[in-house]
Amino acid sequence: MSASPQSRPTTITCLLGPTASGKTAAALALAARRPIEIVSVDSALVYRDMDIGTAKPTRDERARVPHHLIDIIDPADAYSAAEFRADALRLIGEIAARGRTPLLAGGTMLYYKALTQGLNDLPTADPAVRAELDADAARDGWPALHARLAQVDPATAARLAPNDSQRIQRALEVFLLSGQPMSVLLAAPRRADDEAAAYRFVPVALEPSDRAVLHARIAQRFDAMLDAGFIDEVERLRRREDLHLGLPSMRCVGYRQAWEFLDGDTDYRTMRDKGIFATRQLCKRQITWLRAMPERIVVDCVAPDATALALDTLERVLDDRLPT
């Protein structure tokens with residue numbers, strides 16, 4: 001599905017949206033009518049043995065249409081935006097070579113940005129540096145590391161909460177490895193390549209006209225996860241000696257809150273409330289990312305006929321029937 005620099009770029013349809021916005025339903029509706037394969041754009045779905053809390057597509061759903069970039073790594077390992085970009089570009093070509101149509105679907109906007117806009121020259125993760133920062137945080141607390149970050153990269157520190165451990169750790173890691181603030185490196189021109197330039201990525205964005213409706217869905221879905229055995233899932237992960245709350249997998253929304261409950265740090269109701277709140281905050285960040293994409297095609301994800309609207313929009317993109 002690649003194209004020469006002189007030819008017209010191949011359109012790649014992308015179904016993006018916040019958590020609980022109906023992406024799976026829309027993708028499956030399209031799969032019933034088109035020979036598609038779904039490439040997941042979701043940083044949580046890459047992990048094996050994390051099914052309930054990530055709302056992973058069911059076995060039946062995955063049997064109905066091929067899914068990619070799901071269950072590809074162990075929770076003890078990390079998966080970067082650079083790895084996603086390479087995998088997604090490879091899969092797009094492979095799916096097209098089979099005579100089928102790739103559909104990118106998910107809500108990890110950092111992955112989508114890396115795919116469509118290229119990568120910054122940020123250093124890769126270093127386990128030794130991360131272990132040292134984790135030890136410092138265990139001794140002094142993440143607010144102290146946030147204060148340290150403010151001294152070397154005030155721009156990044158200003159946009160992070162003092163307990164945002166994952167992002168504070170990454171920003172300090174980048175500074176320690178490169179000697180430059182992450183904010184400076186992110187402001188530098190991104191690296192592009194001919195392979196991505198062969199494609200025209202068209203984002204179809206599922207966004208709520210009434211955020212309260214989406215919030216209600218989030219609460220219902222979190223309760224359904226709890227009823228489906230989410231706590232037992234986290235307990236099985238927690239028994240593994242190689243997993244801990246410092247890992248990206250265990251920082252996924254819901255998992256941290258359930259882990260803290262199992263540690264005895266919170267009661268059940270507090271765990272539930274914190275899990276729902278964290279999911280709502282994730283939803284807010286996802287919508288903010290989407291609204292920064294002027295090229296997106298918006299579908300109201302809380303409309304009564306949202307799935308039909310999304311299906312119609314996706315088919316218009318695939319058939320090149322969009323207004324110019």
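Each residue, glycine too, has its Cβ placed from N, Cα and C.
Range annotated as region 'Interaction with substrate tRNA' by Swiss-Prot, chosen from 124-131, 204-211, 284-291, 316-323: 284-291. Annotated range for region 'Interaction with substrate tRNA' in Swiss-Prot, selecting from 35-40, 137-142, 227-232, 251-256: 251-256. Among the ranges 42-45, 46-49, 218-221, the stretch that Swiss-Prot annotates as region 'Interaction with substrate tRNA' is 42-45.
Range annotated as region 'Interaction with substrate tRNA' by Swiss-Prot, chosen from 21-25, 166-170, 236-240: 166-170. Take the mean position of the Cβ atoms of Thr19, Ala20, Ser21, Gly22, Lys23, Thr24, the recorded substrate site; other residues of that chain with a Cβ within 8 Å of it are Gly17, Pro18, Ala25, Gly107, Leu206, Cys301. Under DSSP, Thr19 (ATP binding site) is assigned to coil, being neither helix nor strand in the three-state scheme.
Same-chain residues that are not part of Gly17, Pro18, Thr19, Ala20, Ser21, Gly22, Lys23, Thr24 yet have a Cβ within 8 Å of the Cβ center of the ATP site turn out to be Gly107, Leu206, Cys301.
Note: the CA-CA distance between Gly22 (ATP binding site) and Thr108 (site 'Interaction with substrate tRNA') rounds to 15 Å.
Every protein chain considered, the tally of other Cβ atoms within 10 Å of the Cβ of Ala20 (ATP binding site) stands at 25.
When the recorded positions Lys23, Arg130 are compared by the number of other CB atoms within 10 angstroms of each CB, Arg130 has the fewest. Of all Cβ atoms in the protein chains displayed, 20 besides its own lie within 10 Å of the Cβ of Thr108 (site 'Interaction with substrate tRNA').
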